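J.: Attaching a single structure in C-alpha cells format; questions to follow.
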C-alpha cells in the first residue's frame, strides 16, 4: 500500500465519528473536578466550576487527525482575575502537538485576554494574544479550530483571528502526524494569568463558572474544511482583528528574537 493510501486510511480510521453535534453525553467525558463539571439539559450544556480546592475539565472521547471543531462558550463573569478557561486540542506524549484557546480572566470591567498558541513536537513559543470586541461573559460565542494539512485557522463567531500555515518547506514544524483530543478546562493560574501574576484570584467570589454548549466536531476528510483556505473577505477580517484587537504577537517581539523573527513570520504569503 502506498504511503498516501496508508495516511488516508489512518485519517478515516481516527475520524470514525465523522460529524457530531451538540451532545456532550455522546462526545465527551468529564475528566476531572470531583463533580465540578456537569453535563446538563440532556447533553446540550456543560458547566465547569472552580473553587479554592479544585477546577474542572472535560475531554473528547475520540482523537482526531485534522478536523473542524466549534464550541460555544460563555466565560466566567465579574471578577475573573487569576482564572483560565480553555478550549484546545492536544496529542499524547512528551513531544505533543497542541492548538490553544486560553481565556485569561481579569478584574471586573477589564477585558479578557484571549491567548493562542501552537505546539509541534512539544515546542510552542508561537503566542498571539487578543482582546475581544464584545463581552464574552454576557452571552455564548462560538470559538472554532480548523485544522487541516495546510493550515490552522482560529475563528471567533466566524471571524478569523489567526492563521498558522504549513511552512514545512522552510523547516518550520507543523502538527500533522499525531491525532489530537479536544480538551476544555477551568482552573486557577493566578501565578501568571492576570498581569503576570500581580492580581490574584479573589476566592470570596468562588465558585467561578464557565458554560459550554453546541459542540460540533467534523472530522470527515471529504468536508470543505479539509482543503479550506482564506478567501479575500476572510483575509480582510483577519487583518481587521489583528490591527484593532491583537495585543501581543511573537512575530514582532524583537527582544525575544533579537536574531530575527521565526521563519514563518517573514513570509509574504
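The backbone N, Cα and C atoms fix where each Cβ goes, and this holds for glycine too.
In case it helps, Swiss-Prot gives these features for our protein:
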| type | residues | note |
| --- | --- | --- |
| SITE | 100 | site 'Important for catalytic activity' |
| ACT_SITE | 102 | active site, proton donor |
| CARBOHYD | 106 | N-linked glycosylation site |
| DISULFID | 251-265 | disulfide bond |
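Show me how these features fit into the structure around them.
T.: Long-range Cβ contacts of residue 100 (site 'Important for catalytic activity') within its own chain (separation 6+, distance under 8 Å): 86, 88, 115, 116, 117, 118, 119.
Close to residue 102 (active site, proton donor) in the fold, though at least 6 residues off in sequence, lie 84, 85, 86, 88, 114, 115, 116, 117, each with a CB less than 8 Å from its CB. DSSP classifies residue 102 (active site, proton donor) as strand under the three-state reduction.
All protein chains shown were included, and the count of other CB atoms within 10 Å of the CB of residue 251 (disulfide bond) stands at 15. Reduced to three states, the DSSP call for residue 251 (disulfide bond) is helix.
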J.: Rounded to a whole angstrom, what is the C-alpha distance between residue 265 (disulfide bond) and residue 106 (N-linked glycosylation site)?
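T.: The separation of the Cα atoms works out to 29 Å.
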J.: Starting from the Cβ of residue 106 (N-linked glycosylation site), draw a 10 Å sphere and report how many other Cβ atoms land inside it.
T.: 20
